[in-house]
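Student: This is the structure I want to talk about, given as structure tokens.
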Amino acid sequence: MAEASERLYRVEYAKSGRASCKKCSESIPKDSLRMAIMVQSPMFDGKVPHWYHFSCFWKVGHSIRQPDVEVDGFSELRWDDQQKVKKTAEAGGVAGKGQDGSGGKSEKTLGDFAAEYAKSNRSTCKGCMEKIEKGQVRLSKKMLDPEKPQLGMIDRWYHPTCFVKNREELGFRPEYSASQLKGFSLLSAEDKEVLKKQLPGVKSEGKRKGDEVDGADEVAKKKSKKGKDKDSKLEKALKAQNDLIWNIKDELKKACSTSDLKELLIFNQQQVPSGESAILDRVADGMAFGALLPCKECSGQLVFKSDAYYCTGDVTAWTKCMVKTQTPSRKEWVTPKEFREISYLKKLKVKKQDRIFPPETSAPAPPHLPPSVTSAPTAVNSSCPADKPLSNMKILTLGKLSQSKDEAKATIEKLGGKLTGSANNASLCISTKKEVEKMGKKMEEVQAANVRVVCEDFLQDVAASTKSLQELLSAHSLSSWGAEVKVEPVEVAAPKGKSAAPSKKSKGLYKEEGVNKSEKRMKLTLKGGAAVDPDSGLEHSAHVLEKGGKVFSATLGLVDIVKGTNSYYKLQLLEDDKESRYWIFRSWGRVGTVIGSNKLEQMPSKEDAVEHFMKLYEEKTGNAWHSKNFTKYPKKFYPLEIDYGQDEEAVKKLTVKPGTKSKLPKAVQELVGMIFDVESMKKALVEYEIDLQKMPLGKLSKRQIQAAYSILSEVQQAVSQGSSDSQILDLSNRFYTLIPHDFGMKKPPLLNNADSVQAKVEMLDNLLDIEVAYSLLRGGSDDSSKDPIDVNYEKLKTDIKVVDRDSEEAEVIRKYVKNTHATTHNAYDLEVMDIFKIEREGESQRYKPFKQLHNRRLLWHGSRTTNFAGILSQGLRIAPPEAPVTGYMFGKGIYFADMVSKSANYCHTSQGDPIGLILLGEVALGNMYELKHASHISKLPKGKHSVKGLGKTTPDPSASITLEGVEVPLGTGIPSGVNDTCLLYNEYIVYDIAQVNLKYLLKLKFNFKTSLW
């Protein structure tokens, strides 16, 4: 059963007379029965109710099949009102006579379903995503756009056959028939007959006499009678219980003030909630069933919600308690002596009893969500049908493509997308490299709108590849700019407001027209200690205040997987660049979306501004601004150590196109440019769902990344020990708060298995290397006389020389590449583009003690291009102590291979980005500890210097050559004779960084054999 907070609908008695009905706009009187649909707020990370008069709610059209399961607050209603809601839901809501003139029950017109002839060929079927041709019969279900609820209900059209397929999900009940569709009477007689056959109404009838077999019907009747008697008894008990509770509430309202009720709760050691009705509910529950004892797991307060008692406490500062029970521990409810003067309390005697619950019913499939529709857009179109990967995306085409415009349009529409002629409306641009280089007026508009440009091959690959949309976008990208691709919002079924005109104030969650600046990557204006948020409108006239060495800017995060929230809160104290004027700017919302808002307040003085800033910070975090040791409190935000340092402009200078000043060989220049390519770093982070708006590239501190590693270690331990759900939930909340992720409107996934831990470890490994690369870009010399390439080259602290293609050295390496390409790695061939001889500063000196060790081999090590700035400047490193051992088959060490393709797979190239880098290192292996299966090595056995994971295939040892005492295993792969191993190929692991001396770096081209990889 869904928790109350997750239910789409809510019912209650109006707490005041302030709310207005979304259908008729009239006020809803206090204490009258009202119903709501819960919609995502465009202003903050949470849902809000859209209230209706009870009768108006049904007029706008809803399909509630089980009110006790689907409607929050149903069980708290008076018994008669519960029956009223049930009967109205069963009858399909309020409706008039059927359009064919009959007034029978089965012929009521269904207000939220319609039939008509398509007025144009512009509509798209929401079932198959194909066009509905003009003049064809089409059926609709009214649905709400969750991002723009003020637009009310919108018809979402289907082909009749697609509607029939999705009948149950759309809430078109078995007893409904085609003749109940609005507009049915306007169809031709022929089309009416076809629809009646496609959508017949099924009447519930008993068995015919001819169906009876050997008295089976009599047995069924007896069983049915017993079941009915049992249900009748339970229903009577539930009614009596409901009457008792409401009798207590009615009498308490007459006899006691709200202050009296609070006193009763405090005396019985119950928490006092906010709101008069909640206080009354708690007192009535205690009087009827006894005072609730604290939760056994966290000592929190248990509270009745629809189907059980839920704990409202917190197991830790990060996570709420998950305890839910129908049989909570209680003690006797005690009325204080001074309250016995109240006649009702004096004579009230309730027999001790347990609360009765209706039998649990599984929630029906949400009627408002067709299979191809999600509640809100995400950064990647993961929820669309497999054959419609571009669903809800607008595509712009520019330049001369191999297909004609009509062919391209047909291809895009077949994949679920729409063609657009405006850069401002586009999700994506398809063009050519030539057009990007030419940079014509249209392409300038695309760049200004920050729309990503991809090559035409993207259309072919997106139709066939099993890779995620985001990976394919990264692989086929042609532009150095481009925000994360957003799809158009899709709708969920919900009621219609009175007016269909959009509110001028409300932007909705995702703009369809124009470009929302917060949807694209922000340009941060850096002044002094931090970046001024551009949403403040003061980025060119003010700066962030710095006082006493502290920058008055804070970025806070809060993740609650249970509630599905992924929130941020930003706070800045801004000072005018010229005058003594001060502002407090704050913004809040959901990470990875444009849900949220902001506020700019001008303050009377600097002192007032500082005081207000500190007050807000403490209110949001529970900690004083100047507190040295931060303490996390439940439901409070946590500060992210995001450094919007002063060196952003320096990075831009160093990443501009190199001039002619560099004396480095062309191949080395290209290599350095590749290693320090900021766009590649961004792409890598986008693949990991890192939010580049809340956590710009290179801004998360190393300390925070290490803290995230520690959490993953705890997750690994919790998973392996089978820890409680609460502990897993707590660790997941902590991790996602520390490392902001962009999940769009999806709930953050739990980190509850080894695979998810391994994926996040890999993400943090890359984050650390990218942090190193970005730190190198920002730091060091600011010598404007040097070419940017030379400046970056010096930061690598590595001597890089190009190896002559015709040399014997190059021939040996090319042979090593050719011979050791494994037969199972057959998706690509490797082409050696350049070979570089490398010597890292200080590495040969560090390696010197191991130079005399026997068994030294030249082995492969592959990694992402984005990691090479860190590798060359700091060497190959072992995972930090904080990192979990999961993902490292033989523990934390440096891994090598003797088969080139085994290492090449770690380069993470793709057809759209086929160039990778791979290393050859001299590795001092000495005595090897040979293993056939995973073993988390923390310390090698005595006398061993390394680990060898034995593979089933090995380079032919007879073909190995020795160069300067180092074995080069360049033979072709042959069976090793080791069969009972879990490895296909050998792995070599050393646990001391000094045992590695990097010798060569190869630039490889991965020639993929087919686009269907």
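The first residue you see is number 1, and the count goes up from there.
Glycine residues also receive a Cβ, built from the backbone N, Cα and C atoms like all the rest.
Annotations for this protein, taken from Swiss-Prot, read as follows:
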ZN_FING   9-93  zinc finger
MOD_RES   SER41  phosphoserine
ZN_FING   113-203  zinc finger
MOD_RES   SER177  phosphoserine
MOD_RES   SER179  phosphoserine
MOD_RES   SER185  phosphoserine
CROSSLNK  LYS192  SUMO2 cross-link
CROSSLNK  LYS203  SUMO2 cross-link
CROSSLNK  LYS203  SUMO1 cross-link
DOMAIN    225-359  domain 'PADR1 zinc-binding'
CROSSLNK  LYS249  SUMO2 cross-link
MOD_RES   SER274  phosphoserine
MOD_RES   SER277  phosphoserine
REGION    290-332  region 'Zinc ribbon'
MOD_RES   ASP387  polyADP-ribosyl aspartic acid
CROSSLNK  LYS467  SUMO2 cross-link
CROSSLNK  LYS486  SUMO2 cross-link
CROSSLNK  LYS486  SUMO1 cross-link
CROSSLNK  LYS511  SUMO2 cross-link
CROSSLNK  LYS527  SUMO2 cross-link
MOD_RES   THR593  phosphothreonine
DOMAIN    661-778  domain 'PARP alpha-helical'
CROSSLNK  LYS747  SUMO1 cross-link
CROSSLNK  LYS747  SUMO2 cross-link
MOD_RES   SER781  phosphoserine
MOD_RES   SER785  phosphoserine
ACT_SITE  GLU987  active site, for poly [ADP-ribose] polymerase activity
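Could you place these features in context, so I can see how deep they sit and what lies close by?
Tutor: DSSP assignment over the zinc finger (9-93) gives 25 helix, 24 strand, 36 coil.
Sequence-distant contacts (6 or more apart, same chain, Cβ under 8 Å) of SER41 (phosphoserine) comprise LYS47, VAL48, ILE595.
Take the CB of SER177 (phosphoserine) and look out to 10 A: across all protein chains shown you find 21 other CB atoms.
In the three-state DSSP classification, SER179 (phosphoserine) falls within a helix.
Counting every protein chain shown, the number of other Cβ atoms lying within 10 Å of the Cβ of SER185 (phosphoserine) is 14.
Proximity of LYS192 (SUMO2 cross-link) to non-local residues of its own chain (separation of 6 or more, Cβ distance below 8 Å) is seen for ALA178, SER179, PHE184, given in sequence order.
Residue counts for the domain 'PADR1 zinc-binding' (225-359) by DSSP state, with H, G and I taken as helix and E and B as strand, are 63 helix, 16 strand, 56 coil.
The Cβ of LYS249 (SUMO2 cross-link) lies under 8 Å from the Cβ of LEU280, ASP281, ALA284, each of these being in the same chain and 6 or more residues away along the sequence.
Other Cβ atoms within 10 Å of the Cβ of SER274 (phosphoserine), summed over all protein chains shown, number 6.
Spatially close to SER277 (phosphoserine) yet at least six residues away along the chain are GLU12, TYR13, LYS15, judged by Cβ distances under 8 angstroms.
Listed by sequence, the residues of this chain that lie at least six past the ends of the region 'Zinc ribbon' (290-332) yet keep a Cβ under 8 A from its Cβ atoms are 1, 3-4, 72-76, 268-271, 273, 281-282, 352, 354-355, 357, 360, 560, 562, 631-636, 725-727, 729-730, 733-734, 737.
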Student: What whole-number Å value do you get for the CA-CA distance of LYS747 (SUMO1 cross-link) and THR593 (phosphothreonine)?
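Tutor: Cα to Cα, LYS747 (SUMO1 cross-link) and THR593 (phosphothreonine) are separated by 13 Å.
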Student: Taking only the recorded positions SER177, SER274, THR593, GLU987, which one has a CA atom nearest to the CA atom of SER185 (phosphoserine)?
Tutor: SER177
Student: Which of the recorded positions SER177, SER274, GLU987 has its Cα nearest to the Cα of THR593 (phosphothreonine)?
Tutor: SER274
Student: Could you round the CA separation between SER177 (phosphoserine) and GLU987 (active site, for poly [ADP-ribose] polymerase activity) to a whole angstrom and send it over?
Tutor: 66
Student: Near GLU987 (active site, for poly [ADP-ribose] polymerase activity), which residues of its chain come within a Cβ-Cβ distance under 8 Å, counting only those 6 or more away in sequence?
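Tutor: In sequence order, the residues whose Cβ lies under 8 Å from that of GLU987 (active site, for poly [ADP-ribose] polymerase activity) (at least 6 apart) are MET889, PHE890, TYR895, PHE896, ALA897, LYS902, VAL947, LYS948, GLY949, GLY951.
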Student: Could you give the mean pLDDT over the zinc finger (9-93), rounded to a whole number?
Tutor: 88
Student: When DSSP is mapped onto helix/strand/coil, what comes out for SER185 (phosphoserine)?
Tutor: helix
Student: Counting by DSSP, what is the helix, strand and coil composition of the zinc finger (113-203)?
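Tutor: Reading the DSSP string over the zinc finger (113-203) gives 25 helix, 23 strand, 43 coil.
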Student: If you draw a 10 Å sphere around the Cβ of THR593 (phosphothreonine), how many other Cβ atoms fall inside it, taking every protein chain shown into account?
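Tutor: Here the count is 27.
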Student: Could you check the recorded positions SER179, LYS747 and say which one's CB has the fewest neighbouring CB atoms inside 10 Å?
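Tutor: Per-residue Cβ counts within 10 Å for the recorded positions SER179, LYS747 bottom out at LYS747.
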